[in-house]
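Copied over from TrEMBL, here are the features:
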TRANSMEM  B:6-33  transmembrane segment
TRANSMEM  B:53-70  transmembrane segment
TRANSMEM  B:76-96  transmembrane segment
TRANSMEM  B:117-143  transmembrane segment
TRANSMEM  B:163-184  transmembrane segment
TRANSMEM  B:200-222  transmembrane segment
TRANSMEM  B:234-256  transmembrane segment
TRANSMEM  B:263-285  transmembrane segment
TRANSMEM  B:305-323  transmembrane segment
Ligand code: HDD
Ligand code: HEM
Ligand code: HEM
């Protein structure tokens, strides 16, 4: 294995691990705050218990998110010193602002997690939760602008291989920033809301009378429905930005080899990089031109416009993109079904419609992992689709990589470490979730520390 | 001009990290060495004290890294290459320390095992951080004509040396001292306080001995740095000041003036780090990369400074509130 490949794999592995905790850090605070708001309004103890129970899971996720994020900030240098030497000052602004967001998030999360039961005044506690939510979202937005800059670099000139005349503000608000940050933020709320809904649906399927889980589902479902309905629109906006600024990435996402007018949208299919064609795809005529440029006759550039060494790995990019869009479509349909059931159940007792049909609970369970899968697949499509560039059109990944030898050893050790952490976190979360909530058997709640 | 200011900011952030995050590591060290009839209560006190605050304290390290790559990108690239190994070990320590700390709380069945991981990682991480820092001072990272690190030196000679080793031990002792003194304010149990007082005194002695030993080793193993610290114009006043703060820590502990001890120990840490920074000046990596060599443009430096300055009015009151809410006196 070359050091370049090992470094790419290690970066990919670390980011794909971190993002799972990052989305929880962005979206769980919202769910907790919504539950707490219900409690403050209704004084129904169940909501408070629910918020506290979610807190425990979030505490675990947040700690692992913080340490894996720290690993990432070091890894930027440990694996890509060439990239950082060039890009550090250009994308420093979002990273510095992200630092502040981390600070405030960690401070208010400390207050939120440890400040229950009158340690801080009720109102302060609630406000701390809202601040965690805002800061978590902001930190996600800031770091994604740095990534958007890698896709559509802006705000600097190059002189003797170094960036000069840097305009950090223009770099931060580069052409891809708005599309990527909004798409990512929605993705965070969507993936977590579906995962949480699935977990509580699983308990309800076994025990439909568990009121606490029903209330939990009633908090998660609206978030899931709203995000699932707007996400395809946001994705379409992302696709238009990619079509405009990264035509080769768009071609790879779609498996488009030839430059043509009235390009079709391909569903499925096998991009054959030897034969330079995409086989076995279902083609919907003109749709790609319409989606990308709002014009059935628009010209879509194909992969063949650049020499093979300038093309990204087409198959991975195309597959991951298809997986993301597929997951998005399924979740959108699920959201529509949910709306329909809710509308029909409006006359019945509140929240009863959610548990009336076991198939609906099973559908929610099946949707549980889709958001997280879509997040991972979307990022793979974005990042692999940018190859061979680390900064699109400016710096190649192979020129950014570290000269340290034997990176595979580092890759293996971090993979084992993360595998181990992943297993532990899964076991602990499972235990937290299935530890009973009121309305569902005796409440065993070992008080620690 | 701006590069010196930002260099100063780096040092200040390092100081704050030592006083906050360093003490959290020190807490882990005392978890490892908890002993006697009250061992369990010592551990509980430590866990309670760092639980709500360690993640916020930890962010100072991230700020340090971000400042380094934004303001001194060249130094960041060289350091993360030449010190790849100690930094990687450090990351392992950080990951294991943080996750074991929460697992310990939420996985009662294996509490003992997680405690061990947490405690050992708390020892290893400051050791590696101290070694990394000292490696920038020792002159082991040689730079060629083009300003590149001479990688034929290999990845061990840059840090696996007597002086960084001593500095690593010193860092651990300093973290332990800070933690023991802070812990005195985290309980009102007289016996437990005596436990922590004994530990603080032990750590204070260790810091004193290690500081002298590190300087001695530096004179032969890191001559440039060692000479600056012992032979330059400011060296004598500095040594006197360092001695005075160290003695005042002793005096406060001896007389059981715990509130004053907290200030004294903070002053001691700040003085020690200032000495390091003065001896290092004007280099980021002795002797090949100066602050000016590695600095980004004036505009970037100024902007970063103002962002930091602008964020402080938001940050400091929040920190203050966090510490106050979870201080021991507030929980009584
Ligand atoms: C819940 C997750 C989720 C869902 C349902 C979707 N996406 Fe997505 N998508 C992401 C999560 C995501 C992501 C992981 O968050 C990415 C990676 C980079 C980014 O900004 O967002 C992404 C990237 C991404 C990109 C590449 C942007 C770039 O390279 O700059 C495009 C073109 C789309 N998406 C389009 C869509 C479309 C047309 C969808 C229709 C359903 C869709 N996404 C659903
Ligand atoms: C799309 C990508 C990313 C998103 C959305 C994201 C978001 C977040 C969020 C919300 C947190 C808060 C902690 C938590 O909730 O667990 C976090 C933590 C962190 N992230 Fe990421 N992150 C991303 C990628 C990165 C990258 C590339 C880096 C480094 C360069 C990074 C560095 C960090 C650090 C250092 C922390 C710890 C902060 C703390 O201690 O509180 N993240 N991230
Ligand atoms: C958290 C969500 C993210 C995921 C899952 C992700 C995924 C990946 C993947 C799969 C690669 C390897 C691509 C390849 O080499 O073929 C990669 C590379 C990289 N990513 Fe991301 N990425 C994420 C966000 C970010 C962000 C926010 C940044 C920067 C701020 C970033 C910076 C990089 C860098 C520097 C590389 C290495 C150079 C390269 O391969 O182009 N990534 N990422």
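Positions of Cβ are set from backbone N, Cα and C atoms, glycine also.
Only pairs six or more apart in sequence are counted, and the transmembrane segment (B:263-285) with the transmembrane segment (B:234-256) gives three or more Cβ pairs under 8 Å, enough to call it a contact.
The stretch in closest packing with the transmembrane segment (B:305-323), judged by the count of Cβ pairs under 8 Å and taken from B:6-33, B:76-96, B:163-184, is B:6-33. Most Cβ pairs within less than 8 Å of the transmembrane segment (B:234-256), among stretches B:6-33, B:117-143, B:200-222, belong to B:200-222.
Comparing B:6-33, B:53-70, B:163-184, B:200-222 for CB pairs under 8 angstroms to the transmembrane segment (B:117-143), the maximum falls on B:163-184. Beyond its flanks by at least six residues, the transmembrane segment (B:76-96) meets 58, 61, 65, 68-69, 117-118, 121-122, 124-125, 128-129, 131-132, 135-136, 141, 143, 148-149, 151, 153, 155-156, 158-159, 285, 289 of its own chain at Cβ-Cβ distances under 8 Å.
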